[in-house]
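Below: the structure, in structure tokens.
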Amino acid sequence: MEDHAEDNDIEIEGGGFGDDKEFGLMKEPLLLRNRQNNTSQIAIVGANVCPIESLDYDYYLAFGAFAGCNAVLAVAAAALCAYGAPAAAGSGIPEVKAYLNGVDAPSILAPSTLFVKIFGSIFGVAAGLVVGKEGPMVHTGACIAAFLGQGGSRKYHLTWRWLRHFKNDRDRRDLVTCGAAAGVAAAFRAPVGGVLFALEEAASWWRSALLWRTFFTTAVVAVVLRGFMDFCKSGKCGLFGEGGLIMFDVNSSVASYGTPDLLAIIFLGVLGGLLGSFYNYLVDKVLRTYSIINEKGPIFKVLLVLCISLLTSCFSYGLPWLSSCTPCPPHLMEECPTAGRSGNYKNFQCSSHQYNDLASLFFNTNDDAIKNLLSPGVSKQFHIPTLLVFFSAIFFLGIITYGIAVPSGLFIPVILAGAVNDSAVIVAVVTCRLSWCECGRKKKNSCKIGVAKS
């Protein structure tokens, strides 16, 4: 018994090890800690990362806290859309394009829609749902522009006399176009991208004056964002200010492309087209099914969002257990493994100096996951089975999540699925190249040995 007690150092909560004979009635410890668990689940609320490190000793309790936080945030977003402003659900880009084409549906640019769009998008993204925030930001920019274009709101007693000059259809339409461009510029931090979006997608009637107006609007957005990024660079604003969505490393070395690279690019184009068309087909089928459910009432909208949130939490928490642990790369500049914050090289259930590559993708924001997949060392960090599992999960969750009663965009899930698909092909090409080089090296050495023997 003494040897067994020494082998299993059972720690009792609130004190040291159970060596006091006076407390003989306490046969079992309050908290049994048989093995170390470093899952370090995080709840990303807005821009703040809240680690749940106190629950590392209990897998089920940690999952309950993780899924519970996600469910509360998702239900809050769904309740705002279902009961507050139904027009705020979804992307918002079709509504903006419809207005710019002459269709003014009720409440699509109302102040209540703006309020629900902002906070519903925050709750939906923070809940860990596979949704983007780019579509809601376009809708938000259009709502703000329409609010200013109509001189404020008499209903909420927010009117300004100097805005009455813009209270006509032409100026209001131009302002909504500029607002949509500002939303894209703020989402991707790309001023020119916002102008091109307004030119190609949003505006049906384009005037030369809109070119410099939209560009000036997006330039102001870029300056304001840069100011906030500089202010928040020291970590004052949580995850905000960590760089752009898609950032490539630029160096002076000249990249050489061979025939295998060109073949891989052609294969990626064909595969992406096939998967994209299949994705659109399935999304259309899911939207038809969700429309039947949503017509039954607001409570069914909320229940549908709750089911999707719980399913997403099960995927995010359960699938990383299928992945094996990988030793941290030597001479790494960043922390490995990371714990208690959003970042790369998540420890999850692994021991020290190891990381779980699948957890590094799931327990991250979608933006950080995309940046990790597009980093130069992707072939050394992720394995092909991991990328295939993550791609299948994101592909499936992105299809069933789009169309629920939360403000949700489609750009980020599609970009994330494409990044995983490309990374899997990259890892496969790099692996084949290494195997070819190894085979060539072995053949060369065997020839040298044969010549030496002869």
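Heads up, the Cβ atoms here are built off N, Cα and C, so glycines get one too.
What TrEMBL records for 59-87 (among others) is transmembrane segment.
Under 8 Å from some Cβ of the transmembrane segment (108-131) lie the Cβ atoms of residues 43-46, 69-71, 73-74, 76-77, 80-81, 84-85, 87-89, 92, 95-96, 98-99, 137, 139-140, 142-144, 146-147, 153, 155-156, 158, 176, 308-309, 312-313, 316, 366, 394, 397-398, 401-402, 406-409, 412-413, 416, all in the same chain and six or more residues away from its ends. Annotation source TrEMBL lists transmembrane segment at 108-131 (among others).
TrEMBL lists 175-198 (among others) with the feature transmembrane segment.
Positions annotated as transmembrane segment by TrEMBL: 210-229 (among others).
Sequence annotations record features per position, and here TrEMBL assigns transmembrane segment to 262-282 (among others). Sequence-distant neighbours of the transmembrane segment (262-282) (same chain, 6+ residues past either end, Cβ-Cβ under 8 Å): 395, 398-399, 414, 417-418, 421-422, 425-426, 429.
Per TrEMBL, the feature transmembrane segment maps to 302-322 (among others).
Long-range neighbours of the transmembrane segment (382-404) within the same chain, counting only residues 6 or more positions beyond its ends whose Cβ lies under 8 Å from a Cβ of the stretch, are 78, 89-90, 129-131, 275, 279, 282-283, 286-287, 290-291, 301, 304-305, 308, 311-312, 315, 319, 322-323, 326, 357-358, 360-362, 373, 410, 413-414, 416-417, 420-421, 423-424, 427-428, 431. Per TrEMBL, transmembrane segment is recorded for 382-404 (among others).
Look at TrEMBL and you will find 410-436 (among others) tagged as transmembrane segment. Within the same chain, residues 91, 130-135, 187, 246, 260-261, 264, 267-268, 271-272, 275-276, 279, 361, 366-367, 369-370, 373-374, 378-379, 382-384, 387-388, 390-391, 394-395, 397-398, 401-402 sit at least 6 positions outside the transmembrane segment (410-436) and bring their C-beta atoms closer than 8 Å to a C-beta of that stretch.
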Check your understanding: Taking pairs 6 or more apart in sequence, does the count of Cβ pairs under 8 Å between the transmembrane segment (59-87) and the transmembrane segment (210-229) hit 3 or more?
Key -> no
